[in-house]
Amino acid sequence: MLATLASATSEDAVAALEAACAAQTSWARTAPRVRAEILRRAFDLVTARSEDFALLMTLEMGKPLAEARGEVAYGAEFLRWFSEETVRDYGRYLTTPEGKNKILVQHKPVGPCLLITPWNFPLAMATRKVAPAVAAGCTMVLKPAKLTPLTSQLFAQTMMEAGLPAGVLNVVSSSSASGISGPLLKDSRLRKVSFTGSTPVGKRLMSDASRHVLRTSMELGGNAPFVVFEDADLDKAVEGAMAAKMRNMGEACTAANRFLVQESVAQEFTRKFAAAMGALSTGRGTDPASQVGPLINNGARDDIHALVTAAVDAGAVAVTGGAPVDGPGYFYQPTVLADVPNNAAILGQEIFGPVAPVTTFTTEQDAIKLANASEYGLAAYLYSRDFNRLLRVAEQIEFGMVGFNAGIISNAAAPFGGVKQSGLGREGGSEGIAEYTTTQYIGIADPYEN
């Protein structure tokens, strides 16, 4: 046991919202430069405490320390990025086409927000939501996942030390997610909900948010295709596949989930990919030699093994791995499956683990059809030496983010988000702050006639 926390009640959630509402007016009027400086100090503090955050995340959810350190750097970057974006949230002033009246457009904070974060990236998902909300002038209630509440507590403490006023960020940790979101979504004072998690839960939150027509940002499930064309550099494709599949042990919504490889190079790619996967070391996240940590719980391990077993029963071949690791802990062998039938269940849902199913295609149009054969549309990865082909395919596949010869594409400066059932809205980039503002238009009579 790492620690014990009080489980927040519905009353605690409402009290947190009341604190956010009380702070909203003064926070919205705080100068953008002041908000920017708070975010920049928070970046410096999180970076200085990198080892503390990394160890805490490893202890909470098992990821290797190297992965955790990478998350700290990635998560901190949202604080720095939005510290710089805070003063660039421009409106505009223009003359009407008729030339008489004037148009003034300004951006205002949307108001108190509910931010719900997942367990797989407990720091980065918090900073990716909190930073733009702070930049826009919004107050917040942050609900971290019940499996990883400690990281958010440390982050909130760090934000306070950076100078964030009381009431702007209110963390409510609870074993009952609905006990927090339920009463808040019924309260008309809440003006936005931002959620990262599963599509079914996101749909329920959107339904509840419709009661008061709340602004919503939904970063939901993914089923990313990793497409390798016959003209790709296979060594670089394998390197990218390892990054896209094994970041965070595969417990990421952007993780490559379906490896679509052109028939003429499928055997060579699969052989090299399996060799790289099989060479990974599995162990406790605190062991410096570990490259793959445990899954989040026993249920996750059992679900993954059921998908692998069903695929093998349907004709797939486990080239490497294919079973839980013997001994204590929720470990699963890094696995590559070849000859996976296109109708296999493992190709149709998020795996959220270290398993890579490989299937083949014949033509470019076949690859596009297979890539789009999913209700999800978050991330996709394309490997080819032909840039025109990459552009053609990217324009025809239904995904919010596409990597060209790159296995990791997330960046604070880029708009993160998907289409179809992968969600609504964008986090990061210049688009990120817009998710927390509302647009007000002011019509001004002709100043030369008044």
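Note that Cβ sites are derived from N, Cα and C of the backbone, with glycine treated the same way.
As annotated by Swiss-Prot, NADP(+) binding site applies to TRP119, ASN120, LYS143, PRO144, ALA145, LYS146, GLY197, SER198, LEU220, GLU350, with the evidence given as similarity to another entry. Annotation source Swiss-Prot lists site 'Transition state stabilizer' at ASN120. Per Swiss-Prot, substrate binding site is recorded for ARG128, ARG247, CYS253, SER410. According to Swiss-Prot, the active site, proton acceptor annotation covers GLU219, on the basis of sequence analysis. Annotated active site, nucleophile per Swiss-Prot: CYS253, in sequence order.
Recorded features from Swiss-Prot, shown on the structure.
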residue	record	DSSP (3 states)
TRP119	NADP(+) binding site	coil
ARG128	substrate binding site	helix
LYS143	NADP(+) binding site	strand
GLY197	NADP(+) binding site	coil
GLU219	active site, proton acceptor	strand
ARG247	substrate binding site	helix
SER410	substrate binding site	coil
TODO: Using only the residues recorded as binding substrate (ARG128, ARG247, CYS253, SER410), report the maximum Cα-Cα distance in Å, whole number please.
DONE: 18
Open item on the list: Restricting to the chain of ARG247 (substrate binding site) and a gap of 6 or more, list residues whose Cβ falls under 8 Å of its Cβ, or answer none.
Closed with: GLU67, THR254, ALA255, ILE408
Task: Distance, GLY197 (NADP(+) binding site) to the residue listed as 'active site, proton acceptor' (CA atoms, angstrom) - done: 7
- [ ] Work through the recorded positions one by one (ASN120, SER410) and point out the residue whose CB has the fewest other CB atoms within 10 angstroms.
- [x] SER410
- [ ] Run through the Cβ atoms and count how many others sit within 10 Å of the one on LYS143 (NADP(+) binding site).
- [x] 27
- [ ] Starting from the Cβ of the residue listed as 'active site, proton acceptor', draw a 10 Å sphere and report how many other Cβ atoms land inside it.
- [x] 28
- [ ] Quick one: give me the count of other CB atoms within 10 A of the CB of GLY197 (NADP(+) binding site).
- [x] 22
Open item on the list: What does the structure give for the C-alpha distance between CYS253 (substrate binding site) and LEU220 (NADP(+) binding site)? Integer Å is fine.
Closed with: 8
Task: Under 8 Å by Cβ from LEU220 (NADP(+) binding site), same chain, sequence gap 6 or more - done: PHE195, THR196, GLY197, SER198, THR199, GLY202, CYS253, TYR376, LEU378, GLY418, GLN421, SER422, GLY423
